[in-house]
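Visitor: The following block contains the structure, expressed as structure tokens.
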């Protein structure tokens, strides 16, 4: 066991912030320092090269003497767990030939002023560590216990008389009927159950997995109901089955898309190719991960995103996740530095994360998984809501909603799973088993706070998106084989772990199975059979493949370094047998064989560890499949509606318009969402056509997201969210209708062809066990399932429910309860024919125009449940939340609105579009003004007593910008669709930096543009100051609030349409370029495409191909090192990848020879840039290059920034000098750190960030990583090798850019970079 001391773990501003928080409790406490602490276990019988280990880890042996009065505390991963960092770093060190059994990293904190009071103070402990994921240890000796391995825990047999006790002890959440059912079945089997069988049954039959409430029969108010909830949802598909290819039958729904062509590497040769145009299809799925996010926000949200991504990948026989969405509903934030009068104090559940902690950590977790996996997150929502119903009852989201969804691409030949046959091999693909996420399915199905804290922790999972990336590469390879795809059927591993996934896989094909527990990959030899079978370790899939394909499948996994194990076989008898020592066919032992393909890769792809079987009892599981799936008791619910709500009605006549406007814009639900958006990559994959950010000033105000179906098409897919949950406290049916309506009004920003092509995912949340809430849920489902959606010809082919949305705890001598409203989140998806015809809230500056409001309420202007009411709630016993509830009164009105928008778009009458929602028309208008840096004169032509309902009602509707010259044509079109009574001119843009409300030429209220913007920006600013570098937060606010700021101002020194490569392409010669990737790289497809378009022949090269000698760099004229997260960036971005080259002599020599050849070129982008910068010692002319370290903001930055191309020797940038170009930025470590000032002066800088005035950007976020003089791209002395942190390969077409001048054509300027390389080769 070795302990090493690493570099400082916290930057100066984070240390100061940390110390300040400690001193609020113990003023005399000082932090001397905080360092990374590495704990290393060496493989038995091996000797470690300590100098190499010190070099790789940038660490040293601990030898200093303790300082007087200084106390050290160690914050380590929770005892008994393996951190994601450990998994990635262990693999990295194996790749560098280091004989490491395991490595963990923690933080050593040295404290001055530590006392007995501090040692026992809970507030200090809370600041030092998170008990859900970490342990606080007092000495190095305690740290070394982290690797202690306890004895394997035994299998248990449970007497039938003890089932109730086991139900509580194991957290099974079984009902009395289910316990009786189990007693009956085991009596018939003449034996007692094992603990494994009980846990498996509990997970498979949990509300989370079996959806018992949605499948229940109902009696409401003493009346039998004709439908179950699920039947009402399915009714929408029965009414409108068109355009749906798969519904309710798989991990995701599949719907029709436009014809497209796939671009991917040939699975045999690795050469990238455009495949034939085929009918399009895409899968859609939206999940929630509420309970884990309430307990541990970062890993809860991260694994929520990861689980949904796996659902898309495991659809049919293999899909490819393409773009994501996310969302959060929480209670009041109560930001200490941003108090609001409506956020009144109350008791909070001590066992759950606060709303602020959830929003500080949860979005980072969700974004981190998407970023590292390589999926753009293009859409989201955020709601903060809380309403006091009594002293002990609150309607809020203490148990949050964490939404994770998206869409993916799937080949039509792979939509349907094949049936497994007896003898087919059962595969576990992905990471090893660990004691994490145990019982999550059952835990998420009960009221939060009613289980034990230990069970809460056990249900929390941990994330490793880089492992999931490897799994996806295996799936992609199998799918590319077309009809030879070896995958017959598969499922992702989620709730219940293997205990749910493998039985589901078998049950789908009506077969049984024999599973050997000893074959299941595990990182923890102490796991009991229950823990091994039921844990929810993430990034795993279970697959069924035929035995003859096993060898080829093993070779695919080996190349991708993706662990897998053949754990069992399918059997004709529908019996599940699981245990140690079961007999399996010899052919399944492929993972133990040294085939020619594996032999060359053994050093880099070790066979996963499996448990050594001690003497165990007989089979842990031996059950007929129908015990799990056949005849469990069906639920019947007998309920009644609660009394009508008694919320008082807001008296808007007593409000001040000036202050009301500021309050509404400052409410977190309305306020700017930049803090949620810029942390997430939105350009990865190269198929983004509309992300959240719009316009030259880049504000996140888009109403929907759009992706492209292919790299050469304008057809694609659009998706949007609708959510109006607080209204359910007034009328749950109306709230559901409003959610569907809002999804449609958001989606109308895209060129939707037909309402019948729109498909919805419905995510339902409720506290179903609280009296009356289930009846309100029934009303809501009926309102859209039986009534609204069929009337609109819209179907709901997919969805999810989470029906334990309440939290209960003891405090102040009382029982406190927090219950969410009945909540519906609608995600709407549709194919679109031409993404260029999208609209955004960005107002046109050059045109005299007016803004028109199309209000679908018919003038009712109902204020019930509005943000206006919420921000005027005070300490009253019952806040004024009531009044008439907004509603979609007639579906025909929405149909007419949809038709109007389509016809107006087709006629070219619309310049801008924004839906009306939270905050009403006032908020929507302000957002359009903010996006466009324009002022507004808002007109109020009706009586002044109707002023507040007019401006702040949140009925369905939209605001459009219409040029004055098109006023008559638009009015005629409105009349044609019967909407004249619903439409009015509401504002016109001005160039003045102010927003006014006018009535009969009288100014009723006026604000400066900056005043309103400050209110709107306040939540983003406050959270960024708490979460990120506060200096950066202040700098961004100052730039964003400046009305005269120029924004993005591109200029071109060349014609992007001029193809300098064409003379060489016309020769028919296509030189080969190695599209180089390491495990965790995710930007290779779009890189290959750009080189292909420029006249090269792109070839997929994994580092394993070079290591094994399958290919050699001599075969290529160039190499492109792609972006992503090699080895998860665990030791610094790109360092693991570089280390795998530097620590292998043959590989190091091969790269050095390639770099030296003057007829070869190399391009490094993002992670590839970071990797090549670490190899500068072997790159001629690169000796002055910097290394790239953590961004100044200490946050992942996803931005569209403005770059200037500087005159340099770079062959890639020839003829582009002087151009100022928008470019996608997405990285966490882009700060260029030079060894000396002389190096900075001597380096050949090729690209730099600039501001809109053309000056080097020195302020955040115009310089998103803080590099000196905005430096972000460099080249060598001869220009053959260029590195840059931004992503030109993601925007070869103008449709890919978040914003660009209207006059730019099809080709974006960045395509010239790749064409220059082809011209240089000649």
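Numbering starts at 1 and runs along the chain as displayed.
A Cβ is built for glycine as well, from the same backbone N, Cα and C atoms used for every other residue.
In case it's useful when we look at the structure, here is the feature table from Swiss-Prot:
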type     : residues                                                             : note
ACT_SITE : 1166                                                                 : active site, nucleophile
ACT_SITE : 1287                                                                 : active site
ACT_SITE : 1289                                                                 : active site
BINDING  : 300, 301, 302, 303, 304, 305, 306, 307, 308, 309, 310, 311, 702, 917 : ATP binding site
BINDING  : 703, 742, 746, 915                                                   : Mg(2+) binding site
DOMAIN   : 1073-1322                                                            : domain 'Glutamine amidotransferase type-1'
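Structural setting of the listed features?
Guide: Take the CB of residue 1166 (active site, nucleophile) and look out to 10 A: across all protein chains shown you find 31 other CB atoms.
In the three-state DSSP scheme, residue 1287 (active site) falls into the strand class.
Neighbour list (residue 1289 (active site), Cβ cut-off 8 Å, at least 6 residues apart, same chain): 686, 1083, 1086, 1087, 1089, 1090, 1122, 1123, 1165, 1310, 1314.
In the three-state DSSP classification, residue 306 (ATP binding site) falls within a helix.
A helical conformation is recorded for residue 746 (Mg(2+) binding site) in the three-state DSSP classification.
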Visitor: In terms of DSSP three-state secondary structure, what is the assignment for residue 915 (Mg(2+) binding site)?
Guide: strand
Visitor: Considering only the recorded positions 300, 306, 308, 310, 1287, which residue has the minimal Cα-Cα separation from residue 746 (Mg(2+) binding site)?
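Guide: Closest by Cα: 308.
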Visitor: Cα-Cα, whole number of Å: residue 742 (Mg(2+) binding site) versus residue 1166 (active site, nucleophile)?
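Guide: With distance taken Cα to Cα, residue 1166 (active site, nucleophile) is 38 Å from residue 742 (Mg(2+) binding site).
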Visitor: Count, for each of the binding-site residues 302, 746, the other C-beta atoms lying within 10 angstroms of its own C-beta, and report the residue with the smallest count.
Guide: 746
Visitor: What's the longest C-alpha separation between any two of 300, 301, 302, 303, 304, 305, 306, 307, 308, 309, 310, 311, 702, 917, the listed ATP-binding residues, in angstrom?
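Guide: Binding-site diameter by Cα atoms for ATP: 32 Å.
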Visitor: Using DSSP and collapsing to three states, where does residue 1166 (active site, nucleophile) fall: helix, strand or coil?
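Guide: In three-state terms, residue 1166 (active site, nucleophile) counts as coil.
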Visitor: Check each residue in the chain of residue 1287 (active site) that is at least six apart in sequence and keep those whose C-beta is under 8 Å from its C-beta; list them in sequence order.
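Guide: In sequence order, the residues whose Cβ lies under 8 Å from that of residue 1287 (active site) (at least 6 apart) are 683, 1083, 1123, 1165, 1166, 1223, 1224, 1225, 1226.
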Visitor: Would you kindly give the Cα-Cα distance separating residue 915 (Mg(2+) binding site) and residue 310 (ATP binding site), rounded to the nearest Å?
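Guide: Residue 310 (ATP binding site) to residue 915 (Mg(2+) binding site), Cα-Cα distance: 32 Å.
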Visitor: Give me the CA-CA distance between residue 703 (Mg(2+) binding site) and residue 300 (ATP binding site), in Å, as a whole number.
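Guide: Cα-Cα, rounded: 27 Å.
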Visitor: Using a 10 Å radius around each Cβ and all protein chains in view, which of these binding-site residues has the most neighbours: 308, 703, 742, 915?
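Guide: Its Cβ has the most other Cβ atoms within 10 Å: 308.
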Visitor: Please report how many Å separate the Cα atom of residue 702 (ATP binding site) from that of residue 915 (Mg(2+) binding site), as a whole number.
Guide: 10
